[in-house]
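Enquirer: Dumping what TrEMBL says about this protein:
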COMPBIAS  11-21  compositional bias 'Polar residues'
COMPBIAS  55-98  compositional bias 'Polar residues'
DOMAIN    292-429  domain 'Peptidase S54 rhomboid'
REGION    1-103  region 'Disordered'
TRANSMEM  193-211  transmembrane segment
TRANSMEM  294-316  transmembrane segment
TRANSMEM  328-347  transmembrane segment
TRANSMEM  359-378  transmembrane segment
TRANSMEM  390-409  transmembrane segment
TRANSMEM  415-432  transmembrane segment
TRANSMEM  444-465  transmembrane segment
């Protein structure tokens, strides 16, 4: 019995088979010659479905994607029955638009599907007529590279990408994503690089202070002739290391360079021996007749009065201050931190007792605390229990002011740092504005804060060098001094000479 080859396309071209929808039965087929029997060909079994190879270049199933057009098939496969029920061959080229997609073994069925609800710019590289999409690794990489969250729907994309727009957080992040990040406490960056570097420097400088104290008096903590309540070096070692001390910075009546003070190595009470003020100041002032060490507005930021002082400051810096850097970014944070720290020392130099040395990063840290107040009032409706948060922040501020009355810690550094932190923080802190009114108010504050900060710096610096701060504000000294017999009731220079 001879069985015809039904795979031959000519077999169905005969008119007698026009209406056939299946191969003829065995009874109607001619018999094969005696002694020779041909079995029907065994159709090839379907291979196991491998979605990794759907888009590979050596497959016949390039169009097996849901929603893809079926009007064009590869010429290597039968496409469909014709209108007269005949199987026909279609020799068409693959869809040119589809060949633009990825054709590798790692692509998924829906890798080229359109994103549901994505922005037009995101959908331009996808097929808009596909029914659904599953975010693939490529999608996530696309989103990560541009900062756009592909799951955020119907959010107008801000196309501003210039440096100024990025600096004020007005660049590539959609508004709703920024609001969600604010509620979750996610800032501009993950790692507070500046805080870590500053903390390492301050710890190293404090070790240097302890070494200086050990060389001078033979102990790490000053006990004679003065006891340091912060458990650290003597005040004269702090002055020699760079504390803010106005007699080393300008001419002060009653505290001239020839004034005799306890030497660094003095441990007796009354102190013996004594040394001239110029030698205590150091930094080459022994050979100079004019006190001009202006850098003492900056160096006190890196110095600390003792173990208690540095532990408190570093705890605040690694918690509150570090979070502010994450939210602001390192650039704006760096400017705010040092503007607050330097201005705090300028304000303290004007109104504190000129004979009291001052050290510490408290002014700079208070400047970053002020930024949290900017954040609270600018983003009131995004805060969790804002009234409760305001109460706790007020208590924290009061505690910080109280600490400012401890010896070697200047309250004016706290107050000045907080004030400058409000001004500079308003300028550099990224504020979310949903309405034009809110945005206009914030820009009005920024435009007012910039000249006000400059004026305060110029006026108080000039007043420090040319005027009499006590004449400008006679009662201000009591904001950083508790009247006692040891400090002459906060009168005079506060400097005890011998």
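Each position is counted from 1, following the chain as shown.
Any Cβ shown, glycine's included, is placed from N, Cα and C.
Help me see these features in their spatial surroundings.
Expert: Sorting the domain 'Peptidase S54 rhomboid' (292-429) by DSSP state (H, G, I as helix; E, B as strand; all else coil) yields 108 helix, 1 strand, 29 coil.
For the transmembrane segment (193-211), same-chain residues at least 6 beyond its ends with a Cβ under 8 Å from one of its own Cβ atoms are 220, 232-233, 237-238, 241, 302-304, 310, 313-314, 317-318, 321-322, 325, 330, 333-334, 337, 361.
Same-chain residues lying 6 or more positions outside the transmembrane segment (294-316) and placing a CB less than 8 Å from one of its CB atoms are 199, 201-203, 205-206, 209, 221, 228-233, 238, 241-245, 248-249, 338, 341-342, 345-346, 349, 358-365, 369, 403, 407-409, 413.
Distant neighbours of the transmembrane segment (359-378): 198, 202, 238, 243-244, 300-305, 309, 313, 316-317, 320-321, 324, 327-328, 333, 336-341, 343-345, 348, 386, 389-390, 393, 396-397, 400, 403-404, 408-410, 413-422, 424-426, 429, 431-432, 442; these residues of the same chain sit at least 6 beyond its ends, with a Cβ under 8 Å from one of its Cβ atoms.
A Cβ distance under 8 Å defines the sequence-distant neighbours of the transmembrane segment (390-409), meaning residues of its chain 6+ beyond its ends; these are 228-230, 235, 238, 243, 305-306, 309, 312, 356-360, 362, 366, 369, 372-373, 376, 415, 418, 480-482.
Nonlocal intrachain contacts for the transmembrane segment (415-432), taken as residues 6+ away from its ends with a CB within less than 8 angstroms of a stretch CB, comprise 168-169, 175, 178-179, 182, 188, 327-329, 331-333, 335-336, 339-341, 343-348, 362-371, 373-375, 378-379, 382, 397, 401, 404, 442, 445-446, 449-450, 452-453, 456, 479.
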Enquirer: Restricting attention to the domain 'Peptidase S54 rhomboid' (292-429), give the mean pLDDT.
Expert: 93
